[in-house]
Ligand code: S3P
């Protein structure tokens, strides 16, 4: 769990060319889902490439608390012996999901239709985040939740003893909410239907299909209508987790803004519901190339080459692209500072309820580094200064948010003066090898 240890200040200094191969860790979203679905089927699920970051390790611990056997062998392969749909045991202790909104929300969904009770908590960041978006639809199945004011953790969920299937239109674009409802629907008889107006990441749907569930997605005038038939016998799987495009975003953006750079990120997941950043970077004039496009384990993957791109232009990011790059706006705002002209980002109010208020956190740090940023409730504009002209020299607050910390470390690679963060320890939640990986490419990030 991050945020409890002593803060780890970090400073990023202007770097030489970044070159070589960036073997970023496994996809965080897919890793959580692999563990949870593995725990929901009888038999052994084998997972390679699992992200061994704190967020996912907390989910592994939680699956053990609900009765699954979860082990890691000496080769780094994970083995999950699950308990079957509806087979979760009642945990004896509080479930601590650390910093992970995905972990807690998906697990709440997975246990909400079993006759058990569980209490969830997290770190100071997670305990500020809204949970009603998940407990409201779970109540429709018959589950009950009691937490702190405003639907915050710590929170106790009592699962429904006789769950009923639901039809639910997700009111905010959130894959976590969609997934929580689908996971709850697994143990409800009949058809659970989830409707989303805007497409969000579809790893849960893809993985449920892989595990043998009957799940159909139709694109209609209402949006994406996802129908899941409850109480399936899930079949254990062998899962190869692709590398995380959201982690790849950091070396890719670093290469794009750092003179002379040429970085290859092999085998990254390119699910279209995740790839919005790369489309946007290309529109800005970034030199990105996909090589070896292929499909692995039901997910599209490719090798991605990123090179220094001196003539970036500010762009208007279409709001309908927001869900496919929601975690990448912080690092995009850094690239935007090195582009010429404004980059306009609208339809992004979800950024305000992530691990931190990401608009506020990035705007404060960028402004302190000499960049003009305007912002409103669901939009922000970064006025780019052009390559070589970004002053830097600031210390930024990371607010227990891994992506804020990593974004400012990327910024410091190309600013005139170094950029610091007060605490880089949250980076371990999603990208535990960030420092050695970036150093291996030629970045100069120092502790202190
Ligand atoms: C995730 C969904 C997104 C994303 C998060 C991972 C997931 O959150 O920001 O990092 O794995 O389902 P929301 O569902 O809140 O948009």
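Backbone N, Cα and C atoms are what each Cβ position is placed from, and that goes for glycine too.
Unlike curated entries, TrEMBL annotations are predicted automatically.
The phosphoenolpyruvate site in TrEMBL is built from 28, 129, 176, 358, 403 plus one of 101, 103, 151, 424, namely 101. Reported as a whole number, the C-alpha separation between residue 29 (3-phosphoshikimate binding site) and residue 176 (phosphoenolpyruvate binding site) equals 9 Å.
Highlighted here are the binding-site residues (29, 33, 129, 358, 403) whose C-beta falls below 6 Å from ligand 1: 29, in sequence order. For residue 33 (3-phosphoshikimate binding site), the nearest neighbour among the recorded positions 101, 176, 327, 358, 403, judged by Cα separation, is 176. Taking each Cβ in turn and tallying the other Cβ atoms within 10 Å, the top scorer among the binding-site residues 354, 358 is 358. Here residue 28 (phosphoenolpyruvate binding site) is positioned 15 angstrom away from residue 174 (3-phosphoshikimate binding site), judged by their C-alpha atoms.
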